[in-house]
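Visitor: One structure, pasted below without further comment.
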């Protein structure tokens, strides 16, 4: 058995790693030659303003008085420059947005493993190609571009990370700090000859990252006065900086200004997904090399923004976010970033047609270089007779397009050059994607073959060792043949040789060779398969088909629930009806009605909006009152049974009740303090962290009896959950726990009904590691239902109030009782604990079910393993390497890593339930 679990861990680890190796490898290539326009650039310097989290509509629209929130920017649109909407791609986060703006490519998906924070691979950028770059702003953004820059020419000036406080009195100070430091920098430059000479060079960049708008959006929502007033302050600051630049450089007309945003923000103050409020960002450009405003009588767009913003008479030029990078490089004459996939928006340029054509040609050659390198890399590691080139862009077609473009330039057919280069760029981008996913099918097939073999082996082990299905089938013991192992050894050698001659990475050997021993183990159990078929033939065909259809439907409902939360509602509604379709209704009417009531009540939660969109502290207070009321009822009931309730246990319960009261006070007090913009009170912060810490060990002080221990766990975890709640989700664990208590009782009824064992009182059953193995029984068909219930409840615990695949689905306000200063990893950890609390409640209940039904946890674990692994196969084919955090996370949310990585899963995760009370000397842990 130990060998089985070791093999299982290895296979699941490989399967998990394969997702990153197949879907989330870096698309970036290296070894290209830098390309730049061979004509003099219009600008000597470029100033880039990035207003983090600024929505296009909030900037461009007029307020309730008919005036602009950003009068300086609006004046630029009407009199000095060009404007439009920059369409970002998901995930709409700060790092991906800035990478697209400054490096010209959309986020490297391999950064998903690092939370989009660190550079997974080195990449080129506008800053790296510039002669000098000076940047001011957030410590979370600036280092990522300085870290990968060659040489020492990218200078960063950032404030302390503690300034990024969502509970601060005035988040606009972050932007004021940037503007003030830029002014101080230029004042200092007048007295520093070395610095003065540097900032008078050509091909230099000044980058101002303005985080105040994003911070106010998260803290107060984009509809708030704070968010809109911050836009006005940014507009005033930009006006001052532009005036300072013009004065410092003597109005030489060699400065280009670009004002944009990395991403927008939803109405509820989050970003990361693909809602238009997140993907539509402003782009306003003016200065050297930029077209002046163009008045038009009509414009064709699929939206009604122009009329709403009253800008229908000024030509709008929309771009993709990555297109801004080649625009900036062409304006100051530096090479295009080597990994850029942006297409130069020539309509923004105020220059000769020759300059536009040459710039577009350089852009096409730069992207074509990436295609060539990618093709060469793949060709070198593939056997010639197996290599399939990208047919739409053969060597001859590349040569013909480039030759034709040069001919058009020579004959001054500049419009044709631009059109031809765009065609070449689109083909090259398709080719890059083709070669990037070249091995995906081969690797996927190997992984699937191995995983199907593992599922088959686990199923055979259940049938052979944990069930009575084939016990009555007579079988002859046959001597093992040497042909089988020899055949698989030969197959392994052939696979290894095939990979060796192609110089494949070592991971390919793992994916290619792992299925060999797995399927060898499966075929060794061929006798079990024969006996299983013989046994199944004795069952009525209609029964077999019916059970198979129900099982398949259940699996599909579980898979669909990862994408459509309403499927959880459908499943819970079916659960509510289940007792009335069996004899349970006649035997236990109260239990059946309780089961139906709480199932229907829990089914309401997946239909409600995702947590955080409509915060309501009154609901959190209401949940706290319900917990106190339930505690009063339970303690009163236990005190009536004096024989089983000690004073020490009463003290523990009173301590937990006090913790719940304190949590309610902290939530209310913190909310009031933040509304007054007084920040997070220190005492509230101390109480919150103390409550979190105490909730981890206080349940261990309670009685090991099933009911008392489970209730103690609920009280402790609810105290923490209240601190992490902002609305209706505070009631969710309470309803879930009530259903879990009923589940334990109803499973006892089903066993008594089937005559497997007699019903025991929950107060007489105690959690203990020293369980008598001889009491465990074999698996029955109904145990598959129990395992399915567990998986379904786990999925409900995860997705009942949101989508755990994306932290973007949760509101940062959830952690404001613990901290308000921006700390992504700490905030992420607190959110994950909030997500795990319902998960722990379900697993504690499952441990009680396993104990009361006298079933080995390993037996049930194996069924759960098979169910979750079948689900995982679905997700393997649904994985996306594009889209929002939500899309990527949901598609990659393989359930087997949630429920099957640990062989002693219930014991490992349920120390609350399994550890005896500390008042008793704990026995040694025996696994």
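Even glycines carry a Cβ here, placed using N, Cα and C.
As listed in TrEMBL for this protein:
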- 430-884: domain 'GPI ethanolamine phosphate transferase 1 C-terminal' (DOMAIN)
- 441-463: transmembrane segment (TRANSMEM)
- 483-500: transmembrane segment (TRANSMEM)
- 506-523: transmembrane segment (TRANSMEM)
- 535-555: transmembrane segment (TRANSMEM)
- 561-581: transmembrane segment (TRANSMEM)
- 593-611: transmembrane segment (TRANSMEM)
- 617-638: transmembrane segment (TRANSMEM)
- 680-701: transmembrane segment (TRANSMEM)
- 730-746: transmembrane segment (TRANSMEM)
- 787-805: transmembrane segment (TRANSMEM)
- 825-848: transmembrane segment (TRANSMEM)
- 860-879: transmembrane segment (TRANSMEM)
Visitor: Same-chain Cβ contacts of the transmembrane segment (483-500) under 8 Å, 6 or more residues past its ends?
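Guide: Distant contacts of the transmembrane segment (483-500): 508-509, 512-513, 516-517, 519-520, 523-524.
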Visitor: Please work out whether the transmembrane segment (730-746) lies in contact with the transmembrane segment (535-555), by counting C-beta pairs under 8 angstroms that are 6 or more apart in sequence and asking whether there are at least 3.
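Guide: These two stretches do not touch.
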Visitor: Name the range, of those listed as 441-463, 561-581, 593-611, 680-701, 860-879, that has the largest tally of Cβ pairs under 8 Å with the transmembrane segment (535-555).
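Guide: Most Cβ pairs under 8 Å with the transmembrane segment (535-555) come from 860-879.
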Visitor: Between the transmembrane segment (593-611) and the transmembrane segment (860-879), do 3 or more CB pairs sit under 8 angstroms, pairs being 6 or more residues apart?
Guide: no
Visitor: Can you name the far-off residues of the same chain, 6+ from the ends of the transmembrane segment (441-463), with a Cβ under 8 Å from a Cβ of it?
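Guide: Sequence-remote neighbours of the transmembrane segment (441-463) are 4, 8, 11, 14-15, 18, 21-22, 469-470, 508, 511-512, 514-515, 518-519, 521-522, 525, 528-529, 532, 779, 859, 862-863, 865-866, 869-870, 872-873, 876-877.
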Visitor: Given a Cβ distance threshold of under 8 angstroms, which distant residues of the chain, six or more beyond its ends, lie next to the transmembrane segment (680-701)?
Guide: 167, 648, 652, 655-656, 659, 662-663, 666, 669-670, 673-674, 709, 712-713, 716-717, 719-720, 723, 816-820, 833, 911-912, 915, 917-919
